[in-house]
Every structure is written in C-alpha cells, then in structure tokens.
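Participant: Input: one structure, supplied below.
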Protein chains: 2
Amino acid sequence: MAVTRATAQQSIVRDALQAHDGFRSAQDVFADLRAAGHRIGLSTVYRHLQSFAAQGIADVIHDGDGEATYRYCGESHVGEHHHHLVCRHCGRAEEVEGGPVERWAAQTARRFGYVELDHTVELFGVCGNCRSYLPS
Amino acid sequence: MAVTRATAQQSIVRDALQAHDGFRSAQDVFADLRAAGHRIGLSTVYRHLQSFAAQGIADVIHDGDGEATYRYCGESHVGEHHHHLVCRHCGRAEEVEGGPVERWAAQTARRFGYVELDHTVELFGVCGNCRSYLPS
DNA sequence: CGCTTACTGGGAATGATTCTCATGAGCGAT
DNA sequence: ATCGCTCATGAGAATCATTCCCAGTAAGCG
C-alpha cells in the first residue's frame, strides 16, 4: 500500500501539494497536474496522497461534502500533533497548537471511562485577507 | 427542503434514530426500517435525516470514510452547542460540554485574524463497556 | 368530501474513491 | 551499461453514498 520507490509521479504529486499552503482534494491536484501537461493517472494521485498521509508528511481533513483534502506539512514535524485553522474562502491554512484541547480531551475521556482516545479538531473561518473581498 | 408536514415516514425515521444512542448512517436506518417491514424509500430517509439535522434535533458527524452519521439529540437543547465522545467500537455517544475548546478556538482565531469562526470537534475512544470485550 | 400542495419512492444520475490488470519503469545484481 | 525482477502506473470499470427527477400519493384546510 505504501509507495516506496522514488518515481517521477511521486515527485510531481508532492510538488503540487507543496505549491499551495491550503488543503486540496485529490481531484484538484489531478486537474492541476493534467492542466500543467503532466501525464499522470487519477489512481496514482490518490495512491500518493494517501501514502503521504500515512507517513505523516501530509494532513487530511474531510470537508463538509465528505471530500478528502490534503495539505503538505513537511517532513520536519512528522509525528507531532497539530490542528488547523482553515480559511473557508481561499483554503489557506494555519497550523495551530492544540495544548488546551488535548488536556480537555484527555480529562473528558477519563471522566466517562473511555480509553484509546483520539480526536479530530478543525477550525474554520475567513482569513484577514479574504475578509476584505467579502460582503458584510 | 425542510419537511414540515407530519407524515408516517417522518415518525418512523425519527423512531429509528431514537432507538439507538449512537450515530447511525442513512443507509443503516434505511436497512433497519426495511428489515422491520416498513415501506419507505432511501430518498425519504435522507430527506428526513437532513431535515432533523437542519432543525438541530439531530447531530451529524462524518466518519472516516466520509459517510454521514446521525444521532437523535432531542428537542430539548436545540441551538445549544455541544460535542460528542463516541465509542468507535459500539457507536455509543456521550454529549460533552466544550467550554474550554470554544474559548481556545476563539482566542486562536483572533490571534491569526480570522473571523466568522466555526469548528468541528469530535472525540473518539473505546467506552468502558467495550473495553472488556477487546484484547490488550 | 374535495383540492391544493407537499411528501414519497423507484430508479437514474452524479461524483468521489477504489479496483483490476496489462504495461512501464526503478534499481540492485551482473 | 544491461538484465530482470518487482513494484508502480494509468485507463477504464466497479463501487458506494448521496442527490436528482418526476409521476403517484396523502395531509390537512376549507
């Protein structure tokens, strides 16, 4: 399942992800690459995005429509846990520390007797940049 | 879009939701109702579940596969904001207060200059009951 | 009781993701 | 540099949840 060999397709998928600082869907990435004239298959894009996510070098969130979106988060902090503040207008995302949330989650789980805790925390808003473009 | 008329189908969908204290997918509810001998269409199940969610009497979360799951949360606290601690084994869910998270979210958004904040917070774990059934 | 209008449900359409499998390309061995 | 063994690739088909379409049905007001 994990892609291990260094191939041209792996590179261009990684590059396409890195080229944006927001979350992008597999379909988006595929469309971009094709538009840029690259020969690549949709299956391959899915494979690599999922592989990146599994390795921890990309983060995944599911948008409201259930479409999975990916964001390149660098090899640097693999394994570190963080959350995102995502602009619902331009897709740009900030990495944020979740200290207080982690503590609250652990506490809550303990109170109810739950173990093997995991959680999803995503913040959505409109960034300062997009605010000016938007009405009201 | 919102269903306003009192129909038999609306009742049985609501009952099917209330019959469980965990999150259930539209497909699940549909299968249950059909298995129980009710004549109902899949479209209708989707319509009512979404309508309940819009009215705030049901909560929605998207599981890992992007499948939407619904839970009946009563007419009582419509409009009140709460989160869930869900057992990933039996599906049972507890409603939890998110006070600290709300504050952290607001604070974080302000620091980055984001407005119109919204967030998704879900906790997953294994409940005390299921813990005994599981290995390790 | 009859009429209007909203609800219903079967099936087709959509859209994302996964599967299949023949072809093509890494890369270690020679 | 070449060979060969695998694993990666990609086109299209398959799958699956969800939505759309629309003719038939029923709610509830008058």
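For all residues, glycine too, the Cβ spot is worked out from N, Cα and C.
Predicted automatically and left uncurated, TrEMBL annotations should be read as such.
According to TrEMBL, the protein has these features:
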- A:His81, A:Glu102, A:His119: Fe cation binding site (BINDING)
- A:Cys87, A:Cys90, A:Cys127, A:Cys130: Zn(2+) binding site (BINDING)
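Map the listed features onto the structure and describe their local environment.
Facilitator: Classification of A:His119 (Fe cation binding site) by DSSP places it within a strand. Here the Cβ of A:His119 (Fe cation binding site) has 21 other Cβ atoms within 10 Å, regardless of which shown protein chain they belong to.
DSSP assigns A:Cys130 (Zn(2+) binding site) to a helical segment in the three-state reduction.
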Participant: Taking Cβ atoms only, which of the binding-site residues A:His81, A:Cys87, A:Glu102, A:His119 fall under 8 Å from chain B?
Facilitator: A:Cys87, A:His119
Participant: Using DSSP and three states only, what is A:Glu102 (Fe cation binding site)?
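Facilitator: Where A:Glu102 (Fe cation binding site) sits, the three-state DSSP reduction gives helix.
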Participant: Look at each of the binding-site residues, A:Cys127, A:Cys130, and point out the one with the fewest other Cβ atoms around it within 10 Å.
Facilitator: A:Cys130
Participant: Neighbour count, 10 Å Cβ-Cβ cut-off, for A:Cys87 (Zn(2+) binding site): what number do you get?
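Facilitator: The answer is 22 other Cβ atoms.
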Participant: Out of the binding-site residues A:Cys87, A:Cys90, A:Cys127, A:Cys130, give me the one sitting nearest to A:His119 (Fe cation binding site) by CA distance.
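Facilitator: Of the binding-site residues A:Cys87, A:Cys90, A:Cys127, A:Cys130, A:Cys87 has its Cα closest to that of A:His119 (Fe cation binding site).
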